[in-house]
């Protein structure tokens, strides 16, 4: 069980996401999880061993390290990534539930069911409308909330995003004020700023996706209201059918262009 | 053999679970297993090396560490994860038994061997009770072994060969405490999920039985 398993779980959700959602997932995996595993963990690997205090008093180093780093950056990022990925599971569960219902309809031999076999149901991509729209939008909303909470927690705990070279400590049992030196402060500052920048990009992507979904929702509503005002006639039905086909074609084109495998 | 094995076992169990059972599996994967592997393991990695006592007497640090940490938090956490996931295997075994029985007799003995009814329902309920029981046992064990869920910065030790009372400092106590609270919170969440699934199933099947009896009486 590791980040690879998370990739498998979220990859399944990707099929039903918007294009912005697919970009968000790519940014999450390449610029956050991969960077965390491949680079950041090495930088913070020796953090307590190389945290050196100018004293021989046993225990002083432990206590000062604990005072300045209540929870390590690397652990905070890992928790942030886990919490931010979790709302996508809501969408995965909703899609699985819909698939289950369609399979049940198919097994009952329902005339309305438009699928020829179970494989088609399994491969079907659901459009983001109806109750799935609400689930998807709430998942984006929760993602935003979690990102904001963790960014704030980071800023609050470490007084900004800079890692100082020297920290002055006078917690007991340190005899007086003692100088303690952090290992690799510049490298840690660089990675901290990088992770914060990528978090901000993810927040922007989520906000953009939210705006896109809301716009689409209101446009669809006004179109429906406009259609219901006109008298229903044969020409209108053909127009709406053509519109739906055009939407499906454009959606499938988007799929091939972005092409994230699931 | 690693945590991937447990993940595969739990994925197999997911097929026979109710909706709440699937949420339980998701919580165990994301908030317990993944957090353990990705974050918690590294905090406790060098706990013995970083445990420091204010003394040069050889053997004193070892003895004090052993006295205060009979079983390390992280090992208890791992045991808890394994024990809590195992009762779900009872359901998998029962379904396999049903299917092998049908094959052996070459006839359809059950309407659907994978549906939770009759004996399989009992097995499912027993697995839920066992899961909940084991969660509570481990939480109580944590509480008793470590005098609550606190990890102090300093512990005083006076076991031989330490000459007198000696100050010993635990490494990263705050970070360890934060993850310990996280462990307790997720355990409690899992207990709540198990209990609600238990009550839901008991309620559902008692209503079913009652309606069947009512129909029979009317006939």
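Heads up, the Cβ atoms here are built off N, Cα and C, so glycines get one too.
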Worksheet item: Looking at A:77-97, A:98-118, which one is transmembrane segment according to TrEMBL?
Response: A:77-97
Fill in: Chain residues in Cβ proximity to the transmembrane segment (A:191-214) (below 8 Å; excluding those fewer than six residues from its ends, i.e. six or more beyond)
18, 20-21, 23-24, 27-28, 31-32, 35-36, 39-40, 43, 73, 77, 80, 84, 128, 133, 136-137, 140-141, 143-144, 147-148, 150-151, 154, 161-163
Worksheet item: Taking a Cβ cut-off under 8 Å, which residues six or more beyond the ends of the transmembrane segment (A:23-40) line up next to it in the same chain?
Response: 3, 6-7, 10, 13-14, 17, 73-74, 77-78, 81, 84-85, 191, 194-195, 198-199, 201-202, 205-206, 209, 258, 260
Fill in: Positions on the same chain near the domain 'Connexin N-terminal' (A:42-75), where near means CB under 8 A and six or more residues out
36, 154, 157-158, 167, 169, 171-175, 178-184, 187-188, 191-192
Response to the item:
Mean per-residue pLDDT in the domain 'Connexin cysteine-rich' (A:146-213) works out to 91
Response to the item:
DSSP tally for the domain 'Connexin cysteine-rich' (A:146-213), helix/strand/coil in that order, comes to 42 helix, 8 strand, 18 coil
Discussion item. Given a Cβ distance threshold of under 8 angstroms, which distant residues of the chain, six or more beyond its ends, lie next to the transmembrane segment (A:132-158)?
Written reply: 16-17, 21, 70-71, 73, 76, 79-80, 83-84, 86-88, 90-91, 94-95, 98, 126, 196, 199-200, 202-203, 206-207, 209-210, 213-214, 217
